[in-house]
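The following features are taken from TrEMBL:
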TRANSMEM  17-42  transmembrane segment
DOMAIN    32-295  domain 'G-protein coupled receptors family 1 profile'
TRANSMEM  54-77  transmembrane segment
TRANSMEM  97-118  transmembrane segment
TRANSMEM  138-159  transmembrane segment
TRANSMEM  184-209  transmembrane segment
TRANSMEM  242-264  transmembrane segment
TRANSMEM  276-294  transmembrane segment
Amino acid sequence: MEDENNFTLSGDINGPLLAAVISIEMIGGLIANSFVLILTICHIKTWKQPSTIFLTNMLISNLLIVLFVMPFAITTAASGEWLFGKTDKQKVKACQFTAFMFWFCVIVITEGLVLLSFDRFFYIVKSFEYERHMNRKISIIIVTLSWLLAALLTIPPLFGLGRFGFSSSYGICVPRWEGEPGYVVYMLIVFIIFLLSIIITSSWTMIYTRRYLNMERQRLQLFDVNNDGNTNDIYASRKRRVIGLFGMIMIVHLLCYLPSMIVALMELVTAPPPQLYATIFLLFLLLTVLSPLVQSFFRRDIRGTVVKLTGWCSEVAKLFNKKYTRIASSSEN
């Protein structure tokens, strides 16, 4: 059990090293999310797709963590103590704000996965209804409601159900679970609902898609009399695309969430060391870097723009190289 009665970093934690790692993640997250967000805004045509709204929602929630959570952790880790507030009351207020922002962002990110899984489910399984009813305006309303819901789910510790406290393991304030069985049950129900929603919709979508692709492969094999062996290659390519952006985002979030879940279960039987808390915190923050990288790789609009920018940079570099070569050769003569 961590000591939350003071605002100092645990002596078992290497503060400068922790601050350096979080700083790297902050810089990477700021650049990656801002870059993908700017490219998304520039592609006006993609805004007609509801999935673009949901993916942009995830980018914005990542930026909130980068801007409103990481700086507090970096400052505390580097100095060894919580510097925000002169009096204990001011420190508590700043601590509550940070904890609220952190947990709010966690819930918004989780809700973003739920929205994305439902979006993929209706797009693939209920395609006709999706095309008829889903549009940009409705997706923006859904995202707005999800943010309001996240705020409501985060507020209870400010009114007595649960509490926010300082974590000496990684230098910021978070919801505290010790001695708060009501709050533990409350959040457990919330996240079980989120998790079951993701599992059910994702499983249903994958099963439906596999069944459809199997039927499509059989149809191609049956009616394509000129089949030259490429049918299986086409099928394999389609099957790989089922994973694509949605699958990789799920995998990345699972890798970043899973250690926290395991440690939460460990707390029921033993008190994990501070180094383990710091490690899972760093793994979670890594999500803010990996998520936009996945989007930039799997989204065609983003990937196409990146390829063009790379080509332009290469051409500019060649032009400068030619000019430099000419100047160098003329100076030698």
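Using the three backbone atoms N, Cα and C, a Cβ is placed for every residue, glycine included.
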At a Cβ cut-off of 8 Å, and with pairs 6 or more apart in sequence only, do we get at least 3 pairs between the transmembrane segment (17-42) and the transmembrane segment (184-209), yes or no?
no
Within the same chain, where does the transmembrane segment (242-264) have neighbours whose Cβ lies under 8 angstroms from its own Cβ atoms, ignoring anything closer than 6 residues to its ends? I mean 6 or more beyond.
58, 109, 113, 116-117, 120, 177, 198, 202, 206, 209-210, 213, 272, 276-277, 279-280, 283-284, 286-287, 290-291, 294-295, 297-299
Do any residues of this chain, six or more beyond the ends of the transmembrane segment (138-159), have a C-beta under 8 angstroms from a C-beta of it, and if so which?
50, 53-54, 57, 96, 99-100, 103-104, 107-108, 111-112, 115, 119, 175, 183, 186, 190
